[in-house]
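Features as listed in Swiss-Prot:
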type: ACT_SITE; residues: His108; note: active site
type: BINDING; residues: Tyr25, Gly26, Ser27, Gln28, Arg48, Ser53, Asp83, Thr84, Glu85, Gln86, Gly134; note: NADP(+) binding site
type: BINDING; residues: Asp191, Glu195; note: Mg(2+) 1 binding site
type: BINDING; residues: Asp191, Glu227, Glu231; note: Mg(2+) 2 binding site
type: BINDING; residues: Ser252; note: substrate binding site
type: DOMAIN; residues: 2-182; note: domain 'KARI N-terminal Rossmann'
type: DOMAIN; residues: 183-328; note: domain 'KARI C-terminal knotted'
Amino acid sequence: MAKIYHDLEVSLEVLSDKVITIIGYGSQGRAHALNLKDSGMKVIVAVRPNGESWKRALEEGMTVEKIEDAVQKSDIIMFLIPDTEQPAIYKEKVLPYLRPNQALGFAHGFNIHFSQIVPPPFVDVFMVAPKGPGPLVRDLYVEGKGVPALFAVYQDYTQKCRDIALAYAKGIGATRAGVLETTFKEETETDLFGEQVVLCGGVTALIKAGFETLVEAGYQPEVAYYECLHEMKLIVDLINQGGISFMRKAISDTAKYGDVTRGPRIVNEETKKEMKKILNEIQNGQFAKEWILENQVGRPVFNALLKKDEDHLIEKVGKVIREMMPWLKPKK
């Protein structure tokens, strides 16, 4: 079993004389910056001058600087902007100002693992990846709790990088829940696999296929929406709360029997073969190359596929159904 680190096992001392720059002030960036500041750390928020993030960070009492200025004043530089934006920012506004013994931090391993960012040998490189969205990271911290996280060390120039990563995790509240050690390779490949095969790609494809099957068989789209999409949350919440066996204790015997006898006919050995193929595409860098190229040429395939799904009947029906449920309206 993996080793899990908690509050009492981790010291903030290694960060006591450090200045931490957070690049970005979005969902994760804001949470990390505020939590670290409240943990007594010296924090600089580095964002585009006079943009919305700049103004918000100032309003919330943060020290705000241009990225290149912040890098020169910092000991730790944490990248909390989208993966696709990081390489250019690193090349133009971070790399020219790096000095020995600084540390580069990431919340996802993609750019390091796939060599989109190649750090010089004289810096530390680590990752702290909370397993929850930024607002939850902040809210639980304020409540005296925390969101679990993964941490990893890629390059340990100072021989203190592991301590720095753990202290950073404690600073954002993660050790209150527990942090698990991994590698950049493991985090990147499993994260991409989970997104593509289960959490995003797998789930949305399954929902659409089920919805289409019922509608094509003559059932009302509204009823198909309820059965194939709306009720998904009820089941996933139970699984999230206590696991698959816990969920099965909460459903009818009829549903349970259908689950264990029909489910394996949908996700079968052929499905697993395709899963293994997708995993191999992640491991050998094929997916990364494809996604990087897609961004370089303006995302034509990506945008077309998104548009196709946005025009799907399930979206039109869902909009009508959700009007009946005002409590589901997204918070702005």
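For all residues, glycine too, the Cβ spot is worked out from N, Cα and C.
Cβ neighbour counts within 10 Å, taken over all protein chains shown, single out His108 as the most crowded of the recorded positions Arg48, His108. Secondary structure at Asp83 (NADP(+) binding site), as computed by DSSP, is coil. Across the domain 'KARI N-terminal Rossmann' (2-182), the prediction's mean pLDDT works out to 97. Inclusion criterion for the binding-site residues Asp191, Glu195, Glu227, Ser252: a C-alpha placed within 10 angstroms of the C-alpha of Asp83 (NADP(+) binding site); this criterion is met by none of them. A Cα-Cα distance of 22 Å separates Arg48 (NADP(+) binding site) from the residue listed as 'active site'.
In terms of DSSP secondary structure, the domain 'KARI C-terminal knotted' (183-328) contains 124 helix, 0 strand, 22 coil. Taking the binding-site residues Asp83, Glu85, Asp191, Glu227, Glu231 in turn, the residue surrounded by the fewest other Cβ atoms inside 10 Å of its Cβ turns out to be Glu231. You'll find the Cα of Glu231 (Mg(2+) 2 binding site) roughly 14 Å from the Cα of Ser252 (substrate binding site). Looking only at the binding-site residues Ser27, Ser252, the densest Cβ neighbourhood within 10 Å occurs at Ser27. The binding-site residues in question are Tyr25, Gly134, Glu195, and the one with the fewest Cβ neighbours inside 10 Å is Glu195.
Reported as a whole number, the C-alpha separation between the residue listed as 'active site' and the residue listed as 'substrate binding site' equals 40 Å.
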